[in-house]
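A short worksheet on the structure shown next.
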Amino acid sequence: MINVRDQITPGQLAFLVVQTQIGVGLLMLPSQVHTAAQGDAWISVLIAGLLVQFFIVVLWCLGRRFPSLTLYDYLPALLGRYIGKLVHLVYAAYFILVSSYIIINFAKTIRDWVLIETPQWIVIGMMTSVCIYLVRESLRTIARFFVLVFFCNIALIIIVSCAYLHVNFLYILPVGQAGIWKITKGVHETMAALAGYEILLICYPFVKGGSVAKIKAVVFANIFSTLLYAFAVFTSLIVFSPQELKLLPQPLLYMVKALGFKLFERLDLYFLSLWMVVATTSAIGYFFMASKGVANLFRQQSNHRKAVPYTAALVFIIALIIQDPLLIDTIGKILSITGYVFIIGIPFVLLMISVLFNIHEARGRPR
Amino acid sequence: MGFFKEMLNNNRRKSRPMPGKSTLTPRPVFPTVQENIQYLKEALFHTDDLVRQKVSIPGYTSEFLFMYTMCDQSKIREEIFKPILENKDGDLEGILISMRANKHDDLEKVIDLVVKGNAVLFIEGMEDCFVIEVGSSHVRNVTEPNNEKVVEGSHEGFVESVSINLQLVRKHIENRNLVVKRYKLGNETKIEAVIVYLQNLANPELIEEVDRRIQNIDADNISSSEFIEEYIEDKTFSPFPQLLHTERPDRVIGNLLEGRVALLAEGSPTALIMPVTFFAFYQSPDDYSFRSLQGSFIRFIRVCSFVFAIALPAYYIAVVSFHYEVIPEDLLLPIKSSIENIPFQPILEALFMELTIELLREAGIRLPGPVGQTIGIVGGLVIGDAVVKAGLVSNTMIIVVALTAIASFVVPSHEMSASVRMLRFPIMVAASLFGFIGIVYSLMIILIHLCSLESFGTPYLAPIAPFRWKDLKDTIIRMPQWALRQRSQDPAPQKLNQQSQPVEEERSDD
């Protein structure tokens, strides 16, 4: 049922998850979490990562009950035909909206930092076309590309590490200064940035090998993303004083901007170039989920490739419409809250239904 | 859409029925010599280079026919007249044996043989005719190919004859597993093409696929191996070559031993190797004749040259037109002073210089040896100097363009060098429009394309995408020979191990 050419290895799944998780959030996260949790922002990130591990286990349990079906395939079996279709539609819409949101944020950052005069639609169009170009290939090709560009993350870490020449560890002291409530708020801020592991819902049947290998891959991926985010947040915290951090929307960029070597000046431009690749892969991950959803909306088990042009058109148009900064903020808030529903709420309900009514896949068909 | 799809996928994708090979009905030999000769002359449309000549074999009326343009006169004397003179009183049987004649009874087949350069002997009253091989052959000496020179190692090169090329390959692989498969390609040209592989290494699925693609070629004009390439490659409109061209037997042998297939054809000294990966184009036999450290160093530089050749001019354009703040402080003034007075945008400067270099290269190839070198010097030194003095192009741009040109010629494969030179133009344009963003996007598109490209079912960018840690040992660097225990996985060879575990022996360095 699953095309052999679409199958990926558990290792590739790990990279798929990492690249979908790490995206535009990387730049904004430090200041967002800092606003909520102040000097304890790094603790928030670690706690959020731990929480995500539990969510991943829920998603995995659900996927394990339907080893050769995607989320879209077993929705009707669990929720009935009409509610199932409705939830399916809402999922597809959610993924499309997230793709648009990533692209908008990306275009905004590019406008603020590099191409100040270039109209937004050009940057949005470029990003969308790269997404189309990759998503219309098989999942295997997408995974290969994600593995290939993983080096960008490593390069980002190396660039950020250079900031350790000017740090002050006193900024994070005393540990626990913000209090539990504020740390929890910080966790909430981080959850949106860590989103992306829900690709497991869609990719589960495409991965070769046993279910243990799959959960291992996703857990390792999440550990990496969490540590990378924690590293970014921690570095920002000890480089900038709390007062400075309040003023900086993208602390990482300001931080590397100040760095300079004899041969390389303005590291922020190189940093942004690498980050662009990372952000694009994140958009591609959501794009894949969205086009899979759109394709399956009309025909079960159909290939995601056919839906790519329509999905791309939707994403592009939504990204063009949402230009008002206040609106972007509102959408960001909505997405971070509805994210809980889509990523953990619905899957948890589905798992409960599946367990209570003992519905699971038998001989390749949902019963 | 359908049309474009078909165009982009090569029409080979659909399994077409085998092209109808027109089979001629056999034509038995006529009883009289006259009738036979008449039939042959008719069949060959009275072409003027067909010559008939009487011979006197005692007791028989006989005559033979040959194409003098395809035959060697001294061979005719040696193979036909000499046996007759020597066997004046001998029987016919003895004469024919010493002529080394082959019996044939189908005139249609005989016609093809005559066209190939054989003489045919007709004897009155006989039911068979006799074909004697007297063809002349002109074969170039086995010399080192001009376009693939190496410092150390074998200096043999292929020639235009398949049989000699096969001999060069077999000489180095004395192995019963070396299999040769013959094809007659080109409905009109009917040249001989062969694929060579090692039966116990090459993947049977690969052989089947190669065979299917070659069988499906239905064209009149196939006159060398390069013609075949476009019929059997995966994506013709990809900028990257998907078959490796080489004129070196040692390169072919190395690849055969990795489980790949080589295609040789009459009329061209070029062997095509399939399937290949991107990195195969950056390997040279030199890497293996040097010691591991030196080989790795050179290969690493070569792979880096790909990045330089493709992105350096784009990077420079992006820096001077968008991100001048990237330039280090001490360099800012010299660069500024050299650019300041140039009336053109950096992209125009770069395009002008890049195209000039392309022109020089092309002119250098077309002109005879010494003149070609003169053009290189005149172009490189005189034009380069004058163009800066005239204020058309900046000094730094000349440096960038020259570095790029050198980097693009480092590739040991000409097709790859050509595609790299072609690819940098779109990146330059993107850089001039969007700066670093443009560069990153065009590089991403190229990488995505490379990831999706396949050569005969194996991923083109292996072992980097898909990532195979074990295969990296012979990709960007070259590990010592004894460490290359396993073949690379990309051609899916039947046998992965190529040597036993090195014996752990105490080696002291003192």
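Just so it is clear, glycine is given a Cβ too, placed from its N, Cα and C backbone atoms.
TrEMBL does not curate its annotations; it predicts them automatically.
Taken from TrEMBL as is:
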{"type": "TRANSMEM", "residues": "A:12-29", "note": "transmembrane segment"}
{"type": "TRANSMEM", "residues": "A:41-62", "note": "transmembrane segment"}
{"type": "TRANSMEM", "residues": "A:82-106", "note": "transmembrane segment"}
{"type": "TRANSMEM", "residues": "A:118-135", "note": "transmembrane segment"}
{"type": "TRANSMEM", "residues": "A:142-167", "note": "transmembrane segment"}
{"type": "TRANSMEM", "residues": "A:187-207", "note": "transmembrane segment"}
{"type": "TRANSMEM", "residues": "A:219-240", "note": "transmembrane segment"}
{"type": "TRANSMEM", "residues": "A:269-289", "note": "transmembrane segment"}
{"type": "TRANSMEM", "residues": "A:310-328", "note": "transmembrane segment"}
{"type": "TRANSMEM", "residues": "A:334-357", "note": "transmembrane segment"}
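The transmembrane segment (A:187-207) is in contact with the transmembrane segment (A:219-240), judged by 3+ CB-CB distances under 8 Å for residue pairs 6 or more apart in sequence. Among residues of the same chain six or more beyond the transmembrane segment (A:41-62), those with a C-beta under 8 A of the stretch's C-beta atoms are 29-30, 33-34, 172, 175-176, 183-187, 189-191, 194, 197-198, 200-201, 204, 211, 214-215, 218-219, 222-223, 225-227, 229-230, 233-234, 237, 343-344, 347-348, 350-351, 354. Here the transmembrane segment (A:334-357) has Cβ contacts under 8 Å with residues 55, 58-59, 61-62, 65, 71, 74-75, 78-79, 87, 90-91, 94, 97-98, 101, 188-189, 191-192, 195, 197-198, 201 of the same chain, all six or more residues outside its ends.
With a cut-off of 8 Å between Cβ atoms, the residues of this chain six or more beyond the transmembrane segment (A:82-106) that come close are 23-24, 28, 71-72, 75-76, 123-124, 127-128, 131, 195, 276, 279-280, 282-283, 286-287, 289-290, 293-294, 296-297, 311, 314-315, 318-319, 322-323, 328, 331-332, 335, 338, 342, 346. Segment contact holds for the transmembrane segment (A:310-328) and the transmembrane segment (A:118-135), given three or more CB pairs below 8 angstroms at sequence separation of 6 or more. Residues 45, 102, 105-106, 109, 140, 142-144, 146-147, 149-150, 153, 156, 189-190, 192-197, 199-200, 203, 207, 214, 217-218, 220-222, 224-225, 228-229, 232-233, 249-250, 252-253, 275, 278-279, 281-286 of the same chain lie 6 or more positions beyond the ends of the transmembrane segment (A:12-29) yet place their CB under 8 Å from a CB of it.
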